[in-house]
C-alpha cells in the first residue's frame, strides 16, 4: 500500500519528511 501521494502525507510517518517516492515516505534521520 502507498504511504503517500505527496510529501505532506509523510508527516504522519516522519517528523521531517525528505521525499515521497513511488508512494513511499523517506525521512530525514532523527537527531
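A Cβ is built for glycine as well, from the same backbone N, Cα and C atoms used for every other residue.
Taken verbatim from Swiss-Prot:
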type: DISULFID; residues: 4-20; note: disulfide bond
type: DISULFID; residues: 10-25; note: disulfide bond
type: DISULFID; residues: 14-27; note: disulfide bond
type: MOD_RES; residues: 1; note: pyrrolidone carboxylic acid
type: MOD_RES; residues: 31; note: proline amide
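With a 10 A radius on its CB, residue 27 (disulfide bond) counts 13 other CB atoms from all the protein chains. A distance of 6 Å separates the Cα atom of residue 10 (disulfide bond) from that of residue 4 (disulfide bond). Look at residue 25 (disulfide bond): DSSP puts it in a strand. DSSP assigns residue 20 (disulfide bond) to a strand in the three-state reduction. In this structure the alpha carbons, written CA, of residue 1 (pyrrolidone carboxylic acid) and residue 20 (disulfide bond) are 13 Å apart.
Spatially close to residue 4 (disulfide bond) yet at least six residues away along the chain are 10, 13, 20, 23, 24, 25, judged by Cβ distances under 8 angstroms. According to DSSP, residue 14 (disulfide bond) sits in a coil region rather than a helix or strand. All protein chains considered, the CB of residue 25 (disulfide bond) has 19 other CB atoms within 10 Å.
Annotation note: the residue listed as 'pyrrolidone carboxylic acid' sits in a coil segment as assigned by DSSP. The Cβ neighbour count for residue 20 (disulfide bond), using a 10 Å radius over every protein chain in view, is 20.
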